[in-house]
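Look at TrEMBL and you will find Asn31, Val32, Gly33, Lys34, Ser35, Ser36, Leu235 tagged as ATP binding site. Sequence annotations record features per position, and here TrEMBL assigns domain 'OBG-type G' to 22-287. Residues or ranges marked as domain 'TGS' in TrEMBL: 308-391.
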Amino acid sequence: MPPKKSAAPEKKTLLGRPSNNLKIGIVGVPNVGKSSFFNALSETDLGKAANFPYATINPEEDRIPVPDPRFEWLCDVYKPASRVPAFLTCIDIAGLTAGASTGAGLGNAFLSHVRAVDGIFQVVRAFDDAEVIHVEGDVDPLRDMEIIQTELRLKDIEWVEKSLDGLKKVGRNLGSSSLADKARKEEIATVEKILKTLTVDGKDIRKAEWNNKEIDVVNGLQLLTAKPVTYLVNLSEKDYIRRKNKWLPKIKAWIDTNNPGDPLIPFSVALEERLALMTPEEKKEEEARVGAAGALPKITQAGYSSLDLIRYFTCGPDEVRAWTIRKGTKAPQAAGVIHSDFENKFVCGEIMSYEDLKEHGSEAAVKAAGKLRQQGKPYEMVDGDIAYWKAGG
């Protein structure tokens, strides 16, 4: 008898909305530099930067190009008439204060704005400036981080308890062994586990282990603490340039204890605001003069990656374009990002990797080397693939 094939490991479902059009929200307590950061990032003055809490009430939104040397190289090779990079959609959300989960400040509105995004840039203030007031009276990033974490968790607990009550009311008469009743019982057990994670274990949802069935339930609840967080520590320009700040080691220790694995990126809004006003040439000169580069490209890339986003390219003399998809996307769905017909009438994709094109220098050379592959429906896209889609009439 032939040996039994071992089952392929189950593919892990991703936390969050199953969409390519994901958004990241800028979150923090008031007056930590969120709107100024958003303005520098988006090169606009949409965010209302002001020296008082709640200067931002309605969230501002902008699409930020994601820096990518591969995209630049492809544009140099194809010299297209049109260049469209990948974008990260960023939203400037008003400051959260202690008590927001119970409606303090503009709490309920702001938390609904956080709920509508897919990931979080949490801006943490670690600079002293008598000119910029702090809503809590003094600068203490650890307290600020505790406030945000507590408020997001409390709101999640409220939502989960409400959901559990609703499920239990419907589930009172679950006595039969039908598949529907079994599924409902499993859902109740998962929601109870989610509640225990938040209350007894004191953990954010994204830091617990979940199987695929449980992740489906978690995703259905749209919880705030399930969203990936990138901590952005706003330093004075002087501290950022000399790479020293008394709070940084403490902030790192807090993250390691509370949310291990979450990225921490130091930056300086003051420096970024200055650089944002300069031409690319002036910016390079200034970065060389002060001995430090702006952190916005790194921050944009970190936000994009935190959402499990990757990109593939379509290339030609008319256009070089980066298309954003989520990790694990199959070829037909990747083609569907361009047009639904490409997905519905999908035949195959002709795909080469960016690395192969760079190594061989031209499409013809890649083809001659046998590196241009025809891929069918099961193919899972890889970051940096260059694709030509074939669809039926």
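For all residues, glycine too, the Cβ spot is worked out from N, Cα and C.
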Those residues of the chain, 6+ apart, with a Cβ under 8 Å from that of Gly33 (ATP binding site): Val123, Arg125, Asn234, Val269
Tally of residues which DSSP labels helix, strand or coil - the domain 'TGS' (308-391): 24 helix, 34 strand, 26 coil
Binding-site residues (Asn31, Ser35, Ser36), the one with most neighbouring Cβ atoms at 10 Å: Ser35
Packing count at Leu235 (ATP binding site) (other Cβ atoms within 10 Å of its Cβ): 26
Confidence summary for the domain 'OBG-type G' (22-287), mean pLDDT rounded: 87
Where the record names Asn31, Val32, Gly33, Lys34, Ser35, Ser36, Leu235 as binding ATP, the maximum Cα to Cα distance in Å: 15
